[in-house]
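Here's what TrEMBL has on this protein:
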{"type": "DOMAIN", "residues": "44-143", "note": "domain '7TM-DISM receptor extracellular'"}
{"type": "TRANSMEM", "residues": "157-179", "note": "transmembrane segment"}
{"type": "DOMAIN", "residues": "157-358", "note": "domain '7TM-DISM receptor extracellular'"}
{"type": "TRANSMEM", "residues": "186-204", "note": "transmembrane segment"}
{"type": "TRANSMEM", "residues": "216-240", "note": "transmembrane segment"}
{"type": "TRANSMEM", "residues": "252-270", "note": "transmembrane segment"}
{"type": "TRANSMEM", "residues": "276-295", "note": "transmembrane segment"}
{"type": "TRANSMEM", "residues": "307-326", "note": "transmembrane segment"}
{"type": "TRANSMEM", "residues": "338-356", "note": "transmembrane segment"}
Amino acid sequence: MSSGFTGTTDYLHEPLFTALEGSERLAAEDALVSLEFDTTLFHQASDLSAQTYWHKIEFAPVDTSTELILRLSNIMIDELDFYLIENGEVVRHWVRGDTQPWSPDAAYASIWFPVELQPGSTHQVLIRKASEGPLLLPLRLMSPQQFEQLTETSFKIWAAAAGALLILLIHNTVTFLLFRYPAYGFYILFHSLVFLSLGVTQGFGPWLWPMAFNQFLGSIILTLYTLSAWSIFHFSLQFLQIRTRLPSWWRYRRLADLVFASAVLVSLVVPEYAYATPFSVLQGVVSIYCLYLGFKILRTGFSPATLFLVAWSFFIVGAAIGGMVFRNQLPFNTLTEHALLISTVIELLCFSFSLTQRTQYLETEKNQKLLTSPVSGLANRNYFINHLHRQHALPNDKVHLVLIQLSGITELSEAVGPESAEKASATLAQRINQALESEPHIIRHRLPNLSHANVIDMDQENLGSFQPSCPKYYA
């Protein structure tokens, strides 16, 4: 750090001096004198790797006692040691690894510690890191005042995100207990897994639960991701009603379950850096598959699929940004740091709205089937008997019922069969309905799906049409 540096809330973007540790673990004093530090290894040390790396930060001499706060935003590094070295000797050592036992010195606010610089002394910070997961090291070096402001902002973000996720989870859990729709069950499972995963990756986990539990979750983070992919896969099948709307795709679900089960087992036994790429492929396949099903179902008229696709789009963008950031393919800044969190909250919110819309759609679809002919799509006899009196479009004065009788249906049924005769009469009814569109004195009947019918399909041979006593247009 240059002379006169007093801290900044921006991330350090300059490559740090980096060295590669050999097969034996080194003490901090030995690493300082025996390793050759340069910046060429820094980007390699920020990607997935089985190697152990050291970083060195050097501070310029100060004229007065100065305190800086070093803060790290990635809490998923397995072994992480910070050493404050003054005049060549270790004066402070902080253990912050995801597999190392430690507890915050004060109220949890991610990984941070004070660096106290004394006049007349040389100071360095050595960082040793080794992990099966991301080795990204997003560091901030700031003044105590800047740290307090950033911590307050972080608490607000964590509280807002955790509150929104918990409220959505409670709401949909209550809804599931009331209606017991399978889609809600898979959504709740997906929501719970995502909440736990975000607690680890976004750093607010130890703010809500014990550090030991957070470290356990961190050790199986890709397993959680795999289970999330499995739950959202089944949620998509249930939400989009693939069993009835695309039955040819429904039979592949057991094969997919076998693939997911194998992936979960692999994630538990294979190091994270080795499983990361296969998981990315699995996640990509699931995303494309669910998008394909969503577009396919949307084309059939299933309108809740629109919000489903919007939710998936947000998640894919957020997951892509998050993955590229932790693979050091995108810069780590405030926007990219919270991209996955923001997109996930929006995704879960869209899924929640889409579930409500789906319930309304299915209720409308059920009423539509009860009140319309399955062949002609026009209002049926049940509509005439049970629903017509509630039709707001009817005038208060008297109306005339005009019956239209289709002749020759019996003979046609004997000639070509009842099914073909039914289709023929339905086609004729639709044409009559269409012909009456231009008739201004026909009372139009609003159906549950908000469409209109000019005639009522009483049965295969009779149609009904209503006209007011005094010609008047009703719509």
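Each position is counted from 1, following the chain as shown.
Note: Cβ is positioned from N, Cα and C throughout, glycine not excepted.
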Please determine whether the transmembrane segment (186-204) and the transmembrane segment (338-356) are in contact (criterion: at least three Cβ-Cβ distances under 8 Å, sequence separation 6 or more).
yes
Surrounding residues of the transmembrane segment (216-240) on its own chain - C-beta under 8 Å, 6+ positions past either end:
75-76, 98-99, 133, 181-183, 186-187, 189-190, 193-194, 196-197, 199-201, 205, 246, 250, 253, 256-257, 260, 263-264, 267-268, 272, 275-276, 279, 282-283, 286, 289-290, 293-294, 297, 302, 304-305, 308, 351, 354-355, 358
At a threshold of under 8 Å on Cβ distances, which of 252-270, 307-326, 338-356 pairs most often with the transmembrane segment (157-179)?
338-356
Averaged over the whole of the domain '7TM-DISM receptor extracellular' (44-143), what is the pLDDT?
90
